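Copied over from TrEMBL, here are the features:
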TRANSMEM  6-24  transmembrane segment
TRANSMEM  31-52  transmembrane segment
TRANSMEM  72-91  transmembrane segment
TRANSMEM  111-132  transmembrane segment
TRANSMEM  138-163  transmembrane segment
COILED    255-282  coiled coil
TRANSMEM  344-365  transmembrane segment
TRANSMEM  385-406  transmembrane segment
TRANSMEM  427-446  transmembrane segment
TRANSMEM  480-504  transmembrane segment
COMPBIAS  612-625  compositional bias 'Basic and acidic residues'
REGION    612-640  region 'Disordered'
COMPBIAS  628-640  compositional bias 'Polar residues'
């Protein structure tokens, strides 16, 4: 047993450290890192204790060490989840300027939370006293059972969702064409969200600067304002690539009334910054994945003509004999092996999901043991390492399924989990959820294992029977609730809820599980255009996302007809059916950087020129990318696709003008005093606009 822990414990510590380092943002405090890391470690310790507990129950060894570790891990996660983490989370979320005020704000926020939890617990105690006057349990056992029951019931639905969606998702991702469609929609969505976050951050900066200007140096709140000013200067100096595009002051400028309003201003600025960099990180990750997928699809199409070498947009060609071998190996991995291994993994996980569902469905009849995991553990019962590995693999898969569902649902509502940009508040909330569901998942797995001679593990003895601890749940609760999860999982796997939602209408708020539901609707034209522009900028030497100009709003009415070839990379045709031009309102706000972006979003009409930058260029790669008619154009001469796009855009503008004239509707831009604001008043001005776009594209 100790040999197993000499391996598993260091791996657990390393996994926690790597995961925390990968997801945490740059501004996460050290005490937050320690709290999150220790909480994750205690949660995973519960999981890795289960196999050792099963082995000691089989051989009936001394269980003193296991009992101590169970108590330490369980009560650590219990206290962290319900006491420590909520207080630190409220402290981090507060915008106050002193430690005392931030703790006070955290206490006020958590008081509401604890009041709700206490009211529910009091109601349960009253019911327990009324209906079961002879109940012999303890209050501590009652609290423990209630906490675990919440995790068991809600965790069952989370587990069922993950058991269905993880194998299906891996199988879908193995289809390059389908994945490319999904990524085009994600890129378009992330571009809009990034644009909104950029505007929100710019507005927060404008409000902070305006508040600072109108506050005198003798104002008693000036020290607080100086802290905000220093924070703003530090924000702008840390990221020179961020260029504010102006902002609006809004209707409420009463931030200088007292310390609480100043704290609200500081918190607003922090939240806007975190949101912007979170969406920027997600945008960069999605665009990078899409560009790498396009490289893989192109290499798969032209593998024979390239000498079976992988040509990447993200690095120069490898030199020497070893480099040639590495290129061949990378081609075999990305274009052949990886796709097949993903399908094989999806099949294996699907079989494991079916085995878990079968085991859950047969808990109720105690005389029948159809749990594959129980059978395997009893077969290898005399081999310690095999027992622990056989128990650990399905248990870890159940944890992955539960946390996958938890993160996916929570990221749409409560928190975000973004590589290297996850805030302290999100990390603390996530670690609290992880700790809350680790014991119930382990207990659920132990219910699937039927050891010989009716042996019980330490954890089962500590957790006890929920029917005895909380009698008003009814007898047989431990065996009935898994059946509900099995039925729910089958309904999820057959898309029953999706069909119901589609039948009653487009209830997007309930379609959390169909984040990739647009993958069957074809490619998103906005996403494809953004990907082309990002590739063009990258090949010119810029980083992905460095010159991002979100285009999704301007192409909402565009449609693309894309006929897929052997791998879905055939030519596509862009038709702009109608474009609307929105003139920016002149409000109280001032642009913070006049040279940030040009007017009218002239970049929208530009198709990228995929000419490789000098530092990355080589003849093989130039010839390779010149074979793709979608993304390559001859320098100095626009392609026919671009010409047709611009022509259709001009027709759309003219149709808009004729519609406006027919309805005798005067746009706001024509009411402005600026004579240049009516630059769409004639077809000649449209020609000038598109000639200018032609020149810039060339």
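Placement of Cβ uses the backbone N, Cα and C atoms for every residue, glycine included.
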Contact between the transmembrane segment (480-504) and the transmembrane segment (344-365) (3 or more Cβ pairs under 8 Å, separation 6+): yes
Top Cβ-contact partner of the transmembrane segment (31-52) among 6-24, 385-406, 427-446 (pairs under 8 Å): 427-446
Per Cβ pairs under 8 Å, the stretch of 72-91, 111-132, 344-365, 385-406, 427-446 packing most closely against the transmembrane segment (6-24): 427-446
Same-chain residue ranges lying at least 6 outside the transmembrane segment (385-406) that approach it to Cβ under 8 Å: 3-4, 47-48, 50-52, 54-55, 58, 155, 157-159, 161-163, 165-166, 349, 352-353, 355-356, 373, 376-377, 433-434, 437-438, 441-442, 444-445, 449
For the transmembrane segment (72-91): best-contacting stretch of 111-132, 344-365, 427-446, by Cβ pairs under 8 Å: 427-446
